Every structure is written in C-alpha cells, then in structure tokens.
Amino acid sequence: MGKKAIQFGGGNIGRGFVAEFLHEAGYEVVFIDVVDKIIDALKSTPSYEVSEVSEEGEKTKTITNYRAINSKTNEEDVVKEIGTADVVTCAVGPNVLKFIAPVIAKGIDARTASKPVAVIACENAIGATDTLRGFIEQHTDKDRLSSMSERARFANSAIDRIVPNQPPNAGLNVRIEKFYEWTVEQTPFGEFGHPDIPAIHWVDDLKPYIERKLFTVNTGHATTAYYGHVRGKKMIADALADAEIRKIVHNVLEQTAMLITTKHEITEQEQNEYVDTIVKRMSNPFLEDNVERVGRAPLRKLSRNERFIGPASQLAEKGLPFDALLGSIEMALRFQNVPGDEESAELAKILKEMSADEATGKLTGLEKSHPLYKPVQNVVAKVQKDSK
C-alpha cells in the first residue's frame, strides 16, 4: 500500500504548501475540511496547479493523487483514514486546533498499525503541535494515554511561505512565493525515524527556528502591514517601497535580532543575512500581497506570545531596547473596523469601552508588574485618545 497523509484544512496553505510537498514526497493526500465548497471542488477536480512566483517568473506544478472528506458529515470516514495513515498534518489556524482534535483523537485511538502516525501541525504559532496534542489528550480515555506514543508521535514545526490573496477566479489553483522553509523536530520519532518528506528540514531543537521565524518574518510582515495600512498603502511591496516604512521595519528587526542572537546560537551575521532575505521576499511586487490580508486578526497578533508582545516582553526583561516594537504595537492597535475582519471590529470595541489599563491586560496578557506593561499601556491610552 502506498503512503498516505491526512491534511486538515483545504485552504491556500493546505493546498499550496503542505499538500504540494506531501505530493512530491509520494503521498496520497486526503484533505479534511468542513467547508462544503472546498470539499466539493476537490472531489470534482482531479488536479490543481501551484504556481511558485519569484523575480525569475512563475513555475507551475500540477498536484494530483488526492481525495477529500467533509468531517462535518462524514466523521467515521475520517476516523478510518487516520487509522491507516502515515502522516497527519494541519493548516487550519491556531484557533481551530481544538475543533479538529476530537476526530483526530478517535482516529489515533483506532490505530492498530505497528508504526505510530506522525502528527505535525503547520501553523503560525509556537508549539502548535503541542497545543493540538493537549486537545487530543482531552478527548482520549485516561487509560489509553500512557500507550498513546505507540499509536502517534507529535512533532512541532516552523513553516514559512508567503501565500498572498488569490485571483478571484483561481478555483483550487494557488499562487505562492517560491521561497519556503518547513522545519520539524525529529527527536519525537525516536527509533521509528521521521517520515520521508524531502522538503522538511529535520532538526533536534526547533525553538531557535520558530522564534527566529516568528520574530523576524511575522513581526516584519505585520509591522509593514500595519504601518502601510495607517499610511494608505494597498500592497506590502508598496509599503516597503516607502523609504520611511522600510527603515522602520529594519529598526524593528534590529531589535528582534538582538533577542534572537543573545538567546540562540545564531550569529549577528547569520541573522542580518536572514533579515535581508526576508525584507527582499516581502518587497516582491509579483506576489501582489495585500496589506489588509497580512494585518487581519490583530487580536491574535497582539497576544502575549505573538510577534510583537512576545519579543518586546523578552527584550524588556533583559533590559534591552524595545521602542521600535512599541511603534508596531501602536500601528496594530490602529487596525480597527477593517471590512471583513471581525477581530479589527472587536479591537475597536475593546479600545472604546475599556480603560487603558483594562484593555492592556485583555489584549496583551501582560502582568501589571511586567516591565513592558506600562509602556504598552501608554501606547493604548494614546491610541484611545486619538480615536475619540
């Protein structure tokens, strides 16, 4: 029997990043989703195209050998598929992990194969697979928990690839940047060895890769989006073509670089080269990457361990400068009532109805005693004053 991977999430990242590389590694991919439109399209279309965009032009790959199941109406089928799968991946968004966990728990529990299934969450969040595992354990009988490692092994991952807004009539086809990084920890697989997926860079310690990615790519991308939004820019490339915004982004990434190089075995030169690569990628006009797409979900992006508060809090604890990140936080707070983004409306409501003190605690999760708390509270108060 051939290799089989279960991919939760049939969206752009699921189809245009995860499934692309699973397909290239020789896996049959079974997409799981609850959106009828996506499942119906995948069922009725035997192939779709992934176009990798770079300055050299576009390279198109054809993806085949997949199936699709709606977990909302066919849960038993999903359980059976997980029962005989080699790999389970997901790209659903960190907030959705708790909703996919029950069916994955049932699927893992039903396994009888001698080799455990590899579970890898592909989300923009630190320790997403650990989070998913926690939810899965909540839906597993207590007397089965001690033997779960015989049925499943869980590995955290760091993913990095820009997927811009897609053309309106793209269907299942995905336009995506050529550059990618998919780094996964290999130690959880032990004597079984990790799955054979050539696109993955397997490492013993993932934390430096996750923090470097989140605090460089995500921090830089979101900083560009929020400053761009406030200054009326439509595209990320347009925002970075503005010399002032470009300088601000570099200043922010200089501060996060200070954290990354002091915490991890990454040299200043390595980090500087990484920053240059990231800014060049984001400046690519061929991606047609929209400022509002990158800025959406500001509540999540302002939360405690995310791209702004995460690095700024650690810098503050170490007595290192974080003022440039305060600017990013301010611009994120100004991303209010953006059409199609519920979190931006909720953000506006919080800032309108709460005091600066209450809003700071709710939005950032910072303790009042934290050295970052007061500076952020001042920024919150400033934005509230300007909004009146």
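A Cβ is built for glycine as well, from the same backbone N, Cα and C atoms used for every other residue.
Here Swiss-Prot flags Lys213 as active site. Per Swiss-Prot, the feature NAD(+) binding site maps to Ala5, Ile6, Gln7, Phe8, Gly9, Gly10, Gly11, Asn12, Ile13, Gly14, Arg15, Gly16.
The two recorded residues Gln7 (NAD(+) binding site) and Lys213 (active site) have their Cα atoms spaced 23 Å from each other. Cα of Gly11 (NAD(+) binding site) to Cα of the residue listed as 'active site': a span of 22 Å. Of the binding-site residues Ala5, Ile13, Ala5 has the largest number of other Cβ atoms within 10 Å of its own Cβ. Neighbour counts were taken as the number of other C-beta atoms within 10 angstroms of each residue's C-beta; across the recorded positions Arg15, Lys213, the minimum falls on Lys213. Looking only at the binding-site residues Ala5, Gly9, Ile13, the one with its C-alpha closest to Lys213 (active site) is Ile13. For Gly9 (NAD(+) binding site), the same-chain residues that are 6 or more apart in sequence and have a Cβ closer than 8 Å to its Cβ are Val18, Phe31, Ile32, Asp33, Cys90, Ala91, Val92, Gly93, Val96. According to DSSP, Gly11 (NAD(+) binding site) is assigned to coil rather than to any helix or strand. Gly11 (NAD(+) binding site) counts 17 other C-beta atoms within 10 Å of its own C-beta, drawing on all protein chains shown.
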